[in-house]
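Here is the structure we will look at, set down as structure tokens.
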Amino acid sequence: MQSRLLLLGAPGGHGGPASRRMRLLLRQVVQRRPGGDRQRPEVRLLHAGSGADTGDTVNIGDVSYKLKIPKNPELVPQNYISDSLAQSVVQHLRWIMQKDLLGQDVFLIGPPGPLRRSIAMQYLELTKREVEYIALSRDTTETDLKQRREIRAGTAFYIDQCAVRAATEGRTLILEGLEKAERNVLPVLNNLLENREMQLEDGRFLMSAERYDKLLRDHTKKELDSWKIVRVSENFRVIALGLPVPRYSGNPLDPPLRSRFQARDIYYLPFKDQLKLLYSIGANVSAEKVSQLLSFATTLCSQESSTLGLPDFPLDSLAAAVQILDSFPMMPIKHAIQWLYPYSILLGHEGKMAVEGVLKRFELQDSGSSLLPKEIVKVEKMMENHVSQASVTIRIADKEVTIKVPAGTRLLSQPCASDRFIQTLSHKQLQAEMMQSHMVKDICLIGGKGCGKTVIAKNFADTLGYNIEPIMLYQDMTARDLLQQRYTLPNGDTAWRSSPLVNAALEGKLVLLDGIHRVNAGTLAVLQRLIHDRELSLYDGSRLLREDRYMRLKEELQLSDEQLQKRSIFPIHPSFRIIALAEPPVIGSTAHQWLGPEFLTMFFFHYMKPLVKSEEIQVIKEKVPNVPQEALDKLLSFTHKLRETQDPTAQSLAASLSTRQLLRISRRLSQYPNENLHSAVTKACLSRFLPSLARSALEKNLADATIEINTDDNLEPELKDYKCEVTSGTLRIGAVSAPIYNAHEKMKVPDVLFYDNIQHVIVMEDMLKDFLLGEHLLLVGNQGVGKNKIVDRFLHLLNRPREYIQLHRDTTVQTLTLQPSVKDGLIVYEDSPLVKAVKLGHILVVDEADKAPTNVTCILKTLVENGEMILADGRRIVANSANVNGRENVVVIHPDFRMIVLANRPGFPFLGNDFFGTLGDIFSCHAVDNPKPHSELEMLRQYGPNVPEPILQKLVAAFGELRSLADQGIINYPYSTREVVNIVKHLQKFPTEGLSSVVRNVFDFDSYNNDMREILINTLHKYGIPIGAKPTSVQLAKELTLPEQTFMGYWTIGQARSGMQKLLCPVETHHIDIKGPALINIQEYPIERHEERSLNFTEECASWRIPLDEINIICDIATSHENEQNTLYVVTCNPASLYFMNMTGKSGFFVDFFDIFPRTANGVWHPFVTVAPLGSPLKGQVVLHEQQSNVILLLDTTGRALHRLILPSEKFTSKKPFWWNKEEAETYKMCKEFSHKNWLVFYKEKGNSLTVLDVLEGRTHTISLPINLKTVFLVAEDKWLLVESKTNQKYLLTKPAHIESEGSGVCQLYVLKEEPPSTGFGVTQETEFSIPHKISSDQLSSEHLSSAVEQKIASPNRILSDEKNYATIVVGFPDLMSPSEVYSWKRPSSLHKRSGTDTSFYRGKKKRGTPKQSNCVTLLDTNQVVRILPPGEVPLKDIYPKDVTPPQTSGYIEVTDLQSKKLRYIPIPRSESLSPYTTWLSTISDTDALLAEWDKSGVVTVDMGGHIRLWETGLERLQRSLMEWRNMIGQDDRNMQITINRDSGEDVSSPKHGKEDPDNMPHVGGNTWAGGTGGRDTAGLGGKGGPYRLDAGHTVYQVSQAEKDAVPEEVKRAAREMGQRAFQQRLKEIQMSEYDAATYERFSGAVRRQVHSLRIILDNLQAKGKERQWLRHQATGELDDAKIIDGLTGEKAIYKRRGELEPQLGSPQQKPKRLRLVVDVSGSMYRFNRMDGRLERTMEAVCMVMEAFENYEEKFQYDIVGHSGDGYNIGLVPMNKIPKDNKQRLEILKTMHAHSQFCMSGDHTLEGTEHAIKEIVKEEADEYFVIVLSDANLSRYGIHPAKFAQILTRDPQVNAFAIFIGSLGDQATRLQRTLPAGRSFVAMDTKDIPQILQQIFTSTMLSSV
């Protein structure tokens, strides 16, 4: 209905100033309108007769309202009505007036923005009504609405709050933000709204006016007052303002509440009205631009755009934007739009495209960057009616524009004056833009963390002369914290203290709201009115008004400032401005979308782009002038490469390399120029604790940026450098020194038991460097690595007092800073350690920082960064004392104050919060790791000085391995030094306890987790900690008795038959011809050494493998013993190569000689290489000799040089035999008995000369002989035993000690005769000469000799062994010329005789001669001869009992012990693989193992599969080892006293299931109930003899061990059968055959461990997601510190308790994560499965996914598809049909197998990946994962890897990973290089596939939950 506006002024009316203003106002309204337009609604003001109180009437159209004169005119809104009211607003006002006349309450509903509020205020201004305004937030409670208690003079009073005041005084109550209030708070008002009645806390009762007036007729006012009845004014009205909730977030309206309001939709102003308004503002802007701008904005507010998920455009900010454009008409509009609506950081890709489309549609795209503001040119101060302003000149394009902006009270500084601020181009531009916004509105600055927002804001404030008020916001901040807090006055009265924000508003400061993205939107709502209207109502009833409104009020009421302040009305300073700082919203995530439609209306947004590289270099260079240039360039190109990658992993790494962090690194580099950049970066990223994916991505990127680990830093630095020392007031740690602090408070300096070790000293040195640079430190590490100890030691050395504070779950911001407590009714604050440390300059140690919620620890940021912090009692901490000048309540930070924060590493299994992620970049981070083995050993020695060294070494090694398993994620618990130290302390105190029982103190935690237990036991066994062994499990070889010795006769020297005494042999001397050196590559490989005595004690004490090719053949081994180091050399001959290793070390080395030994021309060439290690001074050099080609090589293993030595005899060797000559190839031999003395002897078989090679002198001596040689034994240095080839006649060659070059020394050859004992008649029995296999080159000691031949004797002797005798001793040989006696222990039958027949069939031809290796050693120190025999030569019947089948072996070690006259046969386990060349093998040795001496009392064997084993054979040594071993196990079987074991004495009958108890009561013992605990025979937990475990959920009572052991066998068997039956039953239920069950078990069992650990992590996630929160304002629970005062006043709801937090209002449903596994089921998988089992591994991986995610469907939804030649989308597991049991899972595995068997060939990896990525995003989910398994031979199908890389990263929402199953050659690794880091894996070994999957899950999926 159209109405007319009339203006009728009664002449001479005295309506007072108010009515005069109203008339003027209405007159203006009318004058603006063109006359004669009669279709408009009108507002009229009518006067009644002169002087009447309620004289004036307001008419809006046909609705009129009588004005009343307000009692408190200062409460009437001022200055809200604008000159020209838009038609739509007039319509709204008319409607409100109608409702007002009806006495109804109204609800103005509509989109966010100030419009609804301003309409309400305009109405109230028009009708002269007093207003009570309350902004509801989630912190509003009943007391804020009704009555609050205050204490006055020791008595609690009730003070009426807004609703009650409004009702009694007849004001209008405006409730803003109903959707913000928590549920069930507002119903308090229901009755007041409906019946105008309310019961108050103080006993009064509000009653509606009509009823009150009725009562008043019958009763007097006095009576009613005595009944405490109060009249509600008939003028009381409520206006509620709210958002429509389904569209915006918030709590929906309560139906009873809703029904009490009349609603009116207040949408944005209509297009025309809005356009008119904008035209009036922006006179300089072309009309076309304005209308385009408005059209754009209106489009984005339409229904369609909200269905796209775009937030509403803030239409209300348009006026401000047009105001800027009015001053800068040349500025592109698109640019201004970005400020109002920062769509580029707010929206995902699709949203951006939509907005860009609308921009194009309205031709707003033309943003020439040349028209953007460039910089601020100058700033001048000016005063305009007492308001300080600045005129700022901004250069835009090439014009300069001057604008007026509000300024602060301090002096202005020119834009580039600050020395701490470095101007870069983008920053200048940003400042200019901020200046433009500052002209009209508050600013919100958005930028990543550490990019300099605070610095920019501060510089901006300096430029305009503002004082800054930084306010750090945190997550659980309440509205009270923002506005006013309660405190007590000294007399005990309660009062309100204004917050810094309110003070700043009054004083005209610039407020920095730091971290506005953290605060709950419901809390920020209280600031809306301050930001939009510059008005604020506080809790204590005071009101802050905008300055012009305040002035108007002052002038109208003719009051002074003091009088207004008495009425608690204050002006807001016109210069007051807010700058909010925030981190960009997380695009696409539901949880972190703080930038909503409501927020958009409050600020102008400026995005602070990360610095570009050149600018960042400029900043760093100017801040740190002498930073090394090269390092800086590398660092920045690396960082920017990370920042530009889309990959989330790279992004998170880049986040920890913020500008702030780069500056820190640069400062350190400039201070310590030889620092290593690699370690600086890894330290900043804390790479030690990154998930494995992120770590590998970081390593890859570092390698690409050529940032290497310094190789010249030797891994173990010089030990002498690293120590801490204090000299004359200076502390030196390593290379860094610092002055020692002079502490006042000595008792606060920590003093701690600390044993220095190198690694901790290095950490402390590193800390000291940063400490001296003024950094605050953050130490991150696993538990028990000594973080606290290091810090205490560090402070002790520096002599700094420390304050200690430990955080935990319930730490709040208040408890961090102050502890409030009540004393005598006053509230008193006690300083927390933090404040004390700040005041006194102590070091604050914050322990367990990751346990507190991150929203609490955030407040440390401003303290560390800016040195500012506000305390709960109103004091503030400031950094520089210059700012203090006379302000009270200020604490200045002491210059010596520092913070050291300790936290556990982020991520599983530590259930802390990610402290490092949120605050890592403001501290200097140090990763503290467990000490390296030798540091740890050093430390443990000090903890356990009496603990035997080997035990410490074992512990260190075993724990080292466990830690590396924890790093790989195979086990969850990271074992730390703390655990080892505890073990060592125990052993130190109780030395008799066995190690294996003491380690259980640590490992019993894991005893119920079978997978974990298995890993632990294996690891401990590997290092020889015999956990689980019993003292009785000793399994030494059985001893057989040696036959009696027999006297064999004499060896006599000389007296040749011909009568010749001796033969002389001439000698020639030559120099060696040396070729070379050639540098040779020596590869290192790790040794996995297993201590073998884990479960039982045997002769074998350790073993390890060398990485041998399957076809390779070991042909010789040798050991060298140099100063305590035993080195083992192993030579192989196909191809020729050498392995050598220190027998105690961690790594071995490998040299390949394939291309060095010459291949001879004849077809079949079987090289045979022997090795001789040389001794000191040629330590580390070895001589290698090939027997057929007689090539001699000298290899220097330390210098990596190879020489070839050419002997003179070689120069004229006979013609080479070709394959058609059937003659035998020649064989050359090397005698190496004295190689440790650096000389060797070479001879040719059947040759007649010997060549002595003296390596040290570089000479050879050739001795010519009159005989042809068969073998040579060097029995002493100067006496050699020779055997002639045809007759086996022995000779003794003596040579002078040193053959001189003159040739004077001549060698003499004697015949050696073996004479049998004389039979008395001169008849000698003929003996066949046997060739010894081995003759010792030294003699037995005389005790050994005496006990061997059983007569006291001292004489030279040699011990030898041959095929007929176990051992032979020759007494007197070789030094005495008299006949030597020969004693033998004869074998029952000769060796090698039997083997001739039975091997001839399966080894091909008959054996040619004897094998080349005799495998025989003499151990003189233990009086033993040791050799290896094939099983056929061993008396197995004597060793093993009848019914035992002998094990498969590589051979037996035969130990002939002449001391105890015993024989032992020790089996060598058979080798895992054998070379297929069996004939070749048989020429080398007749067993599959070779033997050498290990040390004085043991031997080493190497089998043909490359397995090296160390054996102890000496009896004394074995006895000693057995003692140690028994000590390690401890005496578990000692009987303890005071134990009373009550045996129940009952027998066990047959097992049964037992009765099920209907009430499920716990049953203990008895013999009846099923599911009981601890009974016998019935199924249950922990009983004896029960059939299977049945858990009814009660505590378990254990039957004592002895009783368990007493269960008879047949009962056990029955129990097992019953268990079997239950299993059968389960199979039957899911219809699975046993064969199927076994098949499934094959796949499932292989991944059980991974499934298990994944499920543990998933469970923890579930738990973490379900973590309870603190619920405030509770009536029961723990006292909430923030509400102590409310408690004093006697309020009820002052407690807090833990509870499930309601999901935040309007926050969307948590969606599950989506995973799609794309597996390769192509034909090649089936085809190559035989080679590497890839198909089975893939099936295992699928099985793992299905099992791990079972029952987590609401968190993770997965489906599995396959790709093959048949297609790219073969459904295996659809999302809605997840397999439920093993049978269904097996079906899926079978399908995979069958598919790959029968599908077409071809490859659809790319299509499959692309399709999966496209499809998966179609459904909404929290996160998307696509994992592709493929054996893609990409090049074969012509697919370019770059194409694949592009597909993997095509959608930033999807985390896509590819796992390639190792294909041919290095193809897979090449592929990985082209694919993005951390996104692709190569599983060369298919066993890794499940492992890799597990890695992906743990490091990505779980990181973000």
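Using the three backbone atoms N, Cα and C, a Cβ is placed for every residue, glycine included.
In the shown protein chains, 20 other C-beta atoms lie within 10 A of the C-beta of CYS451 (ATP binding site). What Swiss-Prot lists as ATP binding site is GLY447, GLY448, LYS449, GLY450, CYS451, GLY452, LYS453, THR454, and the listing cites sequence analysis.
What Swiss-Prot records for 1543-1560 is compositional bias 'Basic and acidic residues'.
As annotated by Swiss-Prot, domain 'VWFA' applies to 1714-1896.
According to DSSP, ASN284 (N-linked glycosylation site) sits in a coil region rather than a helix or strand. Sequence annotations record features per position, and here Swiss-Prot assigns N-linked glycosylation site to ASN284 (among others).
Among the features that Swiss-Prot reports, N-linked glycosylation site is placed at ASN855 (among others). A helical conformation is recorded for ASN855 (N-linked glycosylation site) in the three-state DSSP classification.
The C-beta environment of ASN1096 (N-linked glycosylation site), restricted to residues of the same chain at least 6 apart in sequence and closer than 8 Å, consists of ALA1029, SER1033, VAL1034, GLN1035. The N-linked glycosylation site annotation in Swiss-Prot covers ASN1096 (among others) and is backed by sequence analysis.
Around ASN1142 (N-linked glycosylation site), a 10 Å sphere centred on its CB holds 14 further CB atoms from the protein chains shown. When secondary structure is read from DSSP and collapsed to three states, ASN1142 (N-linked glycosylation site) falls in the strand class. Swiss-Prot lists ASN1142 (among others) with the feature N-linked glycosylation site, giving sequence analysis as the kind of evidence.
Annotation source Swiss-Prot lists N-linked glycosylation site at ASN1833 (among others), citing sequence analysis.
Residues annotated as region 'Interaction with PEX7' in Swiss-Prot: 1-261.
Taken from Swiss-Prot, the feature region 'Disordered' covers 1542-1563.
Residues or ranges marked as transit peptide by Swiss-Prot: 1-28.
Distances between the Cα of LYS453 (ATP binding site) and those of the glycosylation sites ASN284, ASN855, ASN1142 are shortest for ASN855.
Within 10 Å of the C-beta of ASN855 (N-linked glycosylation site) there are 19 other C-beta atoms, taking all protein chains into account. Apart from GLY447, GLY448, LYS449, GLY450, CYS451, GLY452, LYS453, THR454, the ATP site neighbourhood in this chain, defined by C-beta within 8 angstroms of the site C-beta centre, holds LEU581, GLU583, MET608, SER658, THR659, ARG660. DSSP assigns CYS451 (ATP binding site) to coil in the three-state reduction, outside any helix or strand. With respect to GLY452 (ATP binding site), the closest of these glycosylation sites in Cα terms is ASN855, chosen from ASN284, ASN855, ASN1142. Taking the Cβ of LYS449 (ATP binding site) as reference, residues of its chain lying under 8 Å away and at least six apart in sequence are, in sequence order, GLU583, ALA655, SER658, ASP921. Least crowded of the binding-site residues (GLY447, GLY448, GLY450), judged by neighbouring Cβ atoms within 10 Å of its own Cβ: GLY448. Within 10 Å of the C-beta of ASN284 (N-linked glycosylation site) there are 12 other C-beta atoms, taking all protein chains into account.
Other C-beta atoms found within 10 angstroms of the C-beta of GLY452 (ATP binding site) number 25, with every protein chain shown included. Cα to Cα, ASN284 (N-linked glycosylation site) and GLY447 (ATP binding site) are separated by 33 Å. When the Cα atoms are compared, ASN1142 (N-linked glycosylation site) and GLY448 (ATP binding site) turn out to be 53 Å apart. Its Cβ placed at the centre, THR454 (ATP binding site) has 21 other Cβ atoms within 10 Å. Classification of ASN1096 (N-linked glycosylation site) by DSSP places it in coil, neither helical nor stranded. ASN855 (N-linked glycosylation site) sits 17 Å from GLY448 (ATP binding site), taking the CA atoms of both as reference points. Within 10 Å of the Cβ of LYS453 (ATP binding site) there are 22 other Cβ atoms, across all protein chains.
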